[in-house]
């Protein structure tokens with residue numbers, strides 16, 4: 001066979017099984033999304049269309065990979081949790097990591113126009129990914145608590161920051177300076193006293209991120225198959241927000 | 001800080017540097033492309049539009065990652081070679097692997113309509129990827145020789161197979177059976193005597209795959225050690241220079 | 001500095017942290033111990049001196065590495081379990097693995113003459129080692145159950161085999177043949193009916209291997225600190241045999 | 001079979017092949033040798049007996065593992081180089097690493113009394129080890145140049161330091177202080193002007209370390225097999241010192 005004498009190069013492809021019986025988290029992250037969001041005019045501090053697109057892509061990934069039982073998204077990142085006993089692709093590291101990252105990316109581009117009907121996609125966005133292995137449930141819970149705490153901290157900061165800029169007339173440098181050294185309480189006060197914003201009634205998707213749980217029971221399983229879900233506030237099927245108290 | 005007590009979960013993200021001073025090959029592969037090509041009516045044995053789309057996506061990847069000096073594509077796979085001294089992302093395995101795989105995927109979807117103007121993309125395609133590390137030049141050369149030998153073998157088989165089916169009136173089972181045990185010479189004979197096809201004049205992109213070299217711009221094709229190269233339509237041998245305007 | 005221009009070679013030493021918060025088992029195994037036991041006239045099927053020497057070496061390892069909470073030995077192998085929260089050597093794989101394997105080897109040679117006072121050590125014995133990572137307690141328990149089941153199976157076979165050879169007058173080939181296809185019950189019967197041996201009253205160290213537990217409480221704490229332990233049958237402190245019912 | 005239901009724990013033993021066709025260096029290092037050399041009265045700055053014992057252990061390792069073509073030792077460390085095409089233990093990382101580290105340790109203890117006939121070994125010494133993978137010859141050469149430069153730097157410092165202490169009557173603190181900021185030239189001058197020591201005529205084994213090369217041709221092949229070698233200065237067979245100019 002023509003290729004036989006070259007086939008030895010295959011021996012350089014090394015096995016990369018992930019430890020059995022551990023929780024796997026695949027986190028994808030937007031690559032260069034500062035520029036991407038500027039180019040495409042994302043609203044600040046949050047762009048509902050962009051978040052819904054992320055959720056849409058994540059839902060596609062969950063539908064394609066039944067081993068994913070939970071996903072959490074915020075800003076331009078999404079974390080997917082595969083259950084302990086998952087044997088997807090024989091738990092090969094690269095295969096799991098790239099399949100999920102690629103599927104997410106593909107769905108993001110594919111669904112772009114549904115969420116940004118009036119905004120042309122200027123160039124192909126990309127995401128990097130990583131797998132993190134957690135031996136027990138406690139660590140996985142803390143992982144998601146960590147991501148959600150991050151959501152809260154970032155969003156409170158960004159909400160106050162952009163209120164100072166958009167409505168308070170500060171430059172971005174002035175807004176940074178104004179917020180330096182402030183704690184949560186101070187930011188709540190600025191929002192409320194200066195702008196009349198009650199932070200706690202802002203959309204939960206901004207404050208707490210998005211949680212996608214594999215739906216187990218539903219009275220309308222057909223709806224699940226069709227991928228319908230409710231709005232951020234309404235009676236959604238697949239997408240849920242978790243409760244979080246910082 | 002609210003997230004502090006959860007931040008220990010970061011310690012589970014393990015370092016994954018690739019061995020310094022080695023050649024890195026990232027190979028991406030279509031996931032479930034048998035179904036994908038059926039759904040989207042790819043011509044058999046080769047669909048020029050699909051190959052050009054693959055090349056387009058690969059070119060985008062090469063433009064985004066200057067460390068890639070060479071790429072080779074065939075069918076639904078593409079291999080990217082990063083030079084030995086590459087320090088992209090500090091040679092972090094997951095970061096390099098996913099960034100390239102994701103970018104390729106994104107570009108594939110992004111450019112779909114340019115290559116398939118009359119075919120709606122029905123669902124998001126995805127690719128898996130892997131990194132292979134080669135210590136010396138000899139192995140990298142043999143790697144690409146291996147992939148190109150694979151291209152040749154598969155294409156000769158597929159070309160003969162589909163000639164037997166499309167023009168010879170055989171069922172796919174009969175065509176498989178007819179080709180069982182045949183060697184290259186036999187397939188050439190079938191193509192020529194039965195269908196008047198001179199395999200060697202079929203488009204080089206089908207027979208030898210696509211090679212993308214970082215362009216140094218040359219007006220003398222002889223500068224390439226292997227001799228001629230040209231456009232996909234012309235008498236290209238192995239090497240096709242991509243047009244690249246940064 | 002003279003060495004500076006070569007120091008880049010250090011960058012090829014890659015990080016190798018073991019996953020945090022997992023149970024680590026280091027298993028060492030005699031290298032070429034068939035020949036070694038023949039050369040040094042080990043008694044078959046069991047040599048109490050050799051087993052006590054293994055236990056002595058293991059005890060030294062446990063005294064040197066307080067992170068080891070449990071060890072199990074049989075024949076020419078020993079398994080050491082490090083507790084989940086162990087941060088020995090920052091959990092560096094190679095460092096943990098080689099330190100324990102080397103210490104075990106060293107102690108084995110060091111204590112040789114105490115256990116084989118009349119047998120000269122003819123050449124240096126060696127051991128290989130590996131680390132196995134277990135995420136939960138259940139798997140670690142099953143690991144030790146697996147090793148102990150192995151002890152039982154091997155010892156019942158070997159005891160019967162050597163009874164047939166030493167006392168039954170069979171050749172080793174005949175003994176192998178005689179035991180082919182037999183189950184536990186058959187071997188017990190051969191031992192009892194043919195040789196009057198009640199397998200269950202043979203020394204526990206032969207049938208069940210050796211378990212070393214880090215002593216936590218004792219009426220003679222001074223003794224514990226000094227590393228004293230009783231005989232295999234008597235009131236030992238550190239070395240214990242576990243109960244095992246196959 | 002009794003052990004069957006536990007055997008799943010074997011699946012946690014992960015494959016660990018080293019990259020094919022690369023140079024492997026295994027470096028072993030004394031563990032806690034500051035204390036060990038104090039306890040056993042090693043002469044400072046160099047103890048010829050201790051170095052010869054290291055060389056002896058290394059020679060044993062090289063005889064046991066023909067894949068090792070070169071070894072370099074200094075102080076309490078030794079580096080072994082396995083040739084590129086080595087397939088020892090199918091290039092399994094842990095197996096290669098621990099077998100060599102364990103063999104070295106064993107030989108060190110085994111040969112102790114031959115080199116320290118009047119010094120009782122007080123406790124078992126141990127070594128840790130690591131494998132470093134180098135893709136090309138240049139890096140391996142630089143690796144050994146790096147270790148030898150290290151030998152030179154350390155030995156020049158230590159020789160001067162102990163001359164100041166033993167013969168100059170300085171305390172160790174004073175000697176450290178005296179050498180602070182000095183370069184090679186200064187140390188040579190101190191040795192020569194203050195103590196009449198010409199550093200360059202000190203035994204090469206101190207200044208340049210020990211190199212063991214697999215002997216390829218010899219007029220007395222029987223001697224080679226018996227493991228004889230010449231003195232440090234004489235016509236040795238296996239053990240050679242390399243020339244080194246910093």
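Quick reminder: no glycine exception, Cβ is built from N, Cα and C everywhere.
The Mg(2+) 2 binding site feature in TrEMBL is assigned to C:29, C:76. Annotation for residue C:29 (Mg(2+) 2 binding site): same-chain Cβ neighbours under 8 Å, separated by at least 6 residues, are C:76, C:77, C:127, C:128, C:129.
In this structure, residue C:30 (Mg(2+) 1 binding site) is part of a beta strand by DSSP. Neighbours of residue C:30 (Mg(2+) 1 binding site), defined as other CB atoms within 10 A of its CB across all chains, total 21. Per TrEMBL, the feature Mg(2+) 1 binding site maps to C:29, C:30, C:76.
Taking all protein chains in view, 21 other C-beta atoms sit within 10 angstroms of the C-beta of residue C:31 (GTP binding site). Among the features that TrEMBL reports, GTP binding site is placed at C:29, C:30, C:31, C:32, C:33, C:34, C:75, C:76.
Residue counts for the domain 'tRNAHis guanylyltransferase catalytic' (C:7-135) under DSSP, split into helix (H, G, I), strand (E, B) and coil, are 56 helix, 33 strand, 40 coil. According to TrEMBL, the domain 'tRNAHis guanylyltransferase catalytic' annotation covers C:7-135.
Averaged across the domain 'Thg1 C-terminal' (C:139-220), pLDDT in this predicted model comes to 93. Taken from TrEMBL, the feature domain 'Thg1 C-terminal' covers C:139-220.
Long-range Cβ contacts of residue C:75 (GTP binding site) within its own chain (separation 6+, distance under 8 Å): C:30, C:33, C:151, C:154. Those residues noted as binding GTP (C:29, C:30, C:31, C:32, C:33, C:34, C:75, C:76) have their most widely separated CA atoms at a distance of 13 Å. Its Cβ placed at the centre, residue C:34 (GTP binding site) has 10 other Cβ atoms within 10 Å. Apart from the site residues C:29, C:30, C:76, the chain places the Cβ of C:28, C:31, C:33, C:75, C:77, C:127, C:128 no farther than 8 Å from the centroid of the site's Cβ atoms, the recorded Mg(2+) 1 location. When other Cβ atoms within 10 Å of the Cβ of residue C:76 (Mg(2+) 2 binding site) are tallied across all protein chains shown, the result is 21. Note: C:31, taken in sequence order from the binding-site residues C:29, C:30, C:31, C:33, C:75, C:76, have a C-beta within a distance under 8 Å of a chain D C-beta. The binding-site residues under consideration are C:32, C:33. Their Cβ neighbour counts within 10 Å are lowest for C:32.
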